């Protein structure tokens, strides 16, 4: 008991050599905080001082929404009127209030208000979800010092700069804090930063020794201090500041700073002072504002609107010029118009006024060229598409009960045009779990269970080997001999495949142990004692159980120890040691206790290993060692680390198992496993004592070279090692990740991985995901080591990096092997330079030439900057996917952001456009829904413009035909119903239900996806083609009908057709033509499409009948027009049939010719499915599927193809030797 509370018994800093401990005798000089960027002053425990200027700092509440109460209306209206069509209709609505408008103001204002209101309501709904999440975060509770040493709960949003906080185990830090003390005596605490950098291993933080006495609530009654430090900035890994406390100034560095959104682990509590709050905190400085995203198709639609608007102005000007000519030269002679008493807009003496007034009339009259209902229809269609995405049972995760969630429907079609995927690693590709899977001990491989990568590759190879016989027929060998040789190779491979596939067979029958996926009876239940190298096996297990920094925790319910380790690898090693019979059970300040079991009877012996020294792991050392004394008094150095590091430090007699172990390590690497080598060295007492004296001298040294001295002394001891073996741990990928990446690669998508993990971890995951493979040439771009910040040194570093980029690009260009693949691997420090303006395009050019790109050690800000570079530099659609707060910037910066509903909060999901529960669902989201939505929206928009051009131009033709009088040939109700009722539902059914191929075919033929990125259905050739079709239809409809009805008896009594009959017949032909056109466009019919298409035509006749039955006061010239005028006249029905067929004939001929001579991929598949060849001829179906793969160099298919090429090469070499042998 110390100062009224129980203290942790361990001084944890004694366990660390490099990362935590500073010699207590050393007091570093304070940082010289001068100049701009170092103006922040924080008065500890006096938050009210920061309420006044100039110390007024932002509060701790955050907002990630696009709008607030004040900005919603102006910003949302701005978003709506970024659409040029809405601007036009706003002007038209204003002009409709004038007396020269051909329509009433209500008929123009109501549709615009409906469209804009609906879109704004959707924006408000989507943003409200972000608001709810913000409120949830802001209302989290944390203990804050109130006064007189009393702490009480306070919401995060109320925290102020200078507040003293008490954060308990497994809580998130509410702000950026200065660590004052912790539950450990020496101020050590463990922090998980997965939300910041994606890493799951724990970081060690330490407080200043001067504040260690602030170790309970009461002492804060009189606590005061002043922090002077850097201003808010996004740099996660740097901090410069000083603490003035008790008349002393102490320098601060990043090891004392606890960042917001990181989590306290393995420590009961800590005390800290808030330095940066709210949007000043480093994680929020790394965030970006919620952007307003518009799809590529919607942006292009603006250009189409511009084109149509130009056409609208052109024909309006032509109409006005014609009207002016008629008014000036012919109106005075038309006595029946009373030219002596004429209105100003027809006055021949004021042709300028007449022309302008007619121009306004024409602009409103021809407004049907620009379809306002297009936006409403697209909004409705996208919402329904999003509903289908949400309800797709194939994207429902049963384990968590989480469905897919289309959080915005604006970008549905963009899903079908993705070129590059930028993915986070931890929690996105992996599930933060390590499983001990295999090991190599004394040159013998143990572990029969296969990794997920091996299983995925085995399934692919098993199917691919079936198709190889025909491919080998080109070899110049006798057929019988060739067949025997190939069969032998196939037999060898299939033996391996059988082992791979069957190794999972009994998986469900065995007890699932988290962190332990090992299966091999030779080592289990003490059977290892029967092995020939039992002494080596014993040392292997003891290294696993002793060489670590973990803390054991006994689960009282199960009686089993679990481990709080700094990294998941270390936890997996300890679980493996426990299952092998070497259970780590207790740690004291100076000893490690192991329960060792040497028989299957479960009798255990507790052995104590005195911990003499611990040389901890750093990214530079790539190894860790412990020096221990066993119960017999022998001293051992036990070491585990990267194989390249361990192999270089072995003694001559320690290389006995080197060759076999190297072979096994290569096999484990090919299987996507993370590997470490294990070695030891026995020390004599005199040697250890001499070294230990040197070690303590280095540890107590004063000066900047202390760490380098420690490294040198440690390196002296970590020599002359004896290799024992190697471990192979599987970084558990999320279910289906290798298959998903493979199929996305076959769909032609490029995949980049952006992770905060260290380079070795990122490379291991690259192999596990098949983004990397054996034989792929890795290009590692790194920064030369330099501690200087001088400008000339920075320039030298940039020149060095530029040379690396140039040499790599040159190497790719000079590569002559068509199957060669390159992978670019770059770290965050190097990215700092390569993302600068003078180098970023050189970096991007190299990255685009590589098959895969892995960026490691990147900050959240760098993730966003890389995403922006790819998006802007390539000009193609990018998709970012992640699960944590550190991925928010990347998700918001990409054209499409996808959030994974992970275990670490919902920040990524709340910032995303789409959310899925697992990475594997991304394949279906893109390849199925993306493909469908792109084609649906593209065809829908093209059809919309077609039908409005076909309809709108007939009004212009009639205008010209009637002396530019401003008279419409159609009844007002016809024009209102055209877009609202008679053509709206068929086009919505096209946008919602159309399928060129079924979902399972989309997945079987991933190359179909490339129709989206290549924009085959919304390029200018297709858009202008549809516009030309509309122009052709308008000409046929108007002039064919006018020609037929001109000077022609319409009724049996010889009467000719009047304007009402001509207009109604023309409108009937339009309704038939455009609805037949959409029926020809559809590939997939359900009863809904049939109902909407043919029902729309039937609705026209029903309306015409009912409208004609109204009183002439309402129906005007349409009174009884169908019953009495049109239906009895055969010419009406013949004309309808003739015009409808003539309008659709060119399109029918075009698609028939295309399908016969230049079919697209989906045309071929449609015919195969229609004639059921996929069932009757499986060989042909398989052949067509193999053709549908985009050529790719990543994914396990590429890995299998490389393996098959290797087998063929071996076979061909063997056959060549067989032929040459007799000669």
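Each residue, glycine too, has its Cβ placed from N, Cα and C.
TrEMBL labels come from automatic prediction, so no person has curated them.
Annotation source TrEMBL lists domain 'P-type ATPase N-terminal' at 42-109.
Taken from TrEMBL, the feature transmembrane segment covers 303-325 (among others). If one looks beyond the transmembrane segment (303-325) by at least 6 residues along the same chain, the residues whose Cβ comes under 8 Å of a Cβ in the stretch are 83-85, 88, 351, 354-356, 358-359, 362-363, 366-367, 369-370, 941, 945, 949, 953, 956, 959-960, 963-966, 1023.
Summarising the annotation, TrEMBL assigns transmembrane segment to 356-376 (among others). Within the chain, the transmembrane segment (356-376) has long-range Cβ neighbours (under 8 A, six or more residues past its boundaries) at 83, 85-86, 88-89, 92, 95-96, 98, 100-103, 108, 111-112, 114-115, 118-119, 305, 308-309, 311-313, 315-317, 319-320, 323-324, 344-345, 941, 944-945, 948-949, 951-953, 955-956, 959, 964, 966, 968, 975, 978-980, 984.
Per TrEMBL, active site, 4-aspartylphosphate intermediate is recorded for 424.
The number of other CB atoms found within 10 A of the CB of residue 426 (Mg(2+) binding site), across every protein chain shown, is 27. Positions annotated as Mg(2+) binding site by TrEMBL: 424, 426, 883, 887.
According to TrEMBL, the feature ATP binding site maps to 424, 425, 426, 570, 617, 640, 674, 755, 756, 757, 857, 863, 886, 887.
Per TrEMBL, domain 'P-type ATPase C-terminal' is recorded for 909-1159.
Sequence annotations record features per position, and here TrEMBL assigns transmembrane segment to 944-961 (among others).
Annotation source TrEMBL lists transmembrane segment at 973-993 (among others).
Under the heading transmembrane segment, TrEMBL lists 1023-1046 (among others).
Residues annotated as transmembrane segment in TrEMBL: 1058-1079 (among others).
What TrEMBL lists as transmembrane segment is 1091-1110 (among others).
Positions annotated as transmembrane segment by TrEMBL: 1130-1149 (among others). Taking Cβ pairs closer than 8 Å, the transmembrane segment (1130-1149) reaches residues 950, 1029, 1032-1033, 1036-1037, 1040-1041, 1044-1045, 1048, 1050, 1065, 1068-1069, 1072-1073, 1076-1077, 1080 in its own chain, all 6 or more past its ends.
1023-1046 is the stretch from 973-993, 1023-1046, 1058-1079, 1091-1110 with the greatest number of Cβ pairs below 8 Å to the transmembrane segment (944-961). Of the recorded residues, residue 756 (ATP binding site) and residue 883 (Mg(2+) binding site) place their C-alpha atoms 13 Å from one another. Outside the transmembrane segment (1058-1079) by six or more residues, the chain places 943, 946-947, 950-951, 954, 969-971, 974, 978, 982-983, 986-987, 990, 1029, 1033, 1037-1038, 1041-1042, 1045, 1050, 1093-1094, 1096-1097, 1100, 1104, 1117-1118, 1121-1122, 1125-1126, 1132, 1135-1136, 1139-1140, 1143-1144, 1147 with a CB less than 8 A from a CB of the stretch.
Tertiary neighbourhood of the transmembrane segment (973-993): same-chain residues 107, 368, 371-373, 377-378, 380-381, 384-385, 388, 936-937, 939-940, 943-944, 947-948, 951, 1063-1064, 1067, 1070-1071, 1074-1075, 1078-1079, 1081-1082, 1084, 1086, 1088-1089, 1092-1093, 1095-1096, 1099-1100, 1103, 1107, selected by CB-CB distance under 8 Å and a gap of 6+ residues from either end.
Taken through DSSP, the domain 'P-type ATPase N-terminal' (42-109) splits into 31 helix, 3 strand, 34 coil. The Cα of residue 887 (Mg(2+) binding site) lies closest to that of 424, out of the recorded positions 424, 617, 857. When the recorded positions 424, 617, 674, 857 are ranked by how far their Cα is from the Cα of residue 883 (Mg(2+) binding site), 424 comes first. A 10 Å radius around the C-alpha of residue 424 (active site, 4-aspartylphosphate intermediate) takes in none of the binding-site residues listed as 617, 674, 857.
Between the CA atoms of residue 857 (ATP binding site) and residue 426 (Mg(2+) binding site) there is a gap of 12 Å. Across the fold, the C-alpha of residue 886 (ATP binding site) and the C-alpha of residue 426 (Mg(2+) binding site) stand 11 Å from each other. If you take every residue in the domain 'P-type ATPase C-terminal' (909-1159) and average the pLDDT, you get 88.
By the criterion of other Cβ atoms within 10 Å of the residue's own Cβ, the least surrounded of the recorded positions 424, 883, 887 is 424. Residue with the densest Cβ environment among the binding-site residues 617, 674, 756: 756, by other Cβ atoms within 10 Å.
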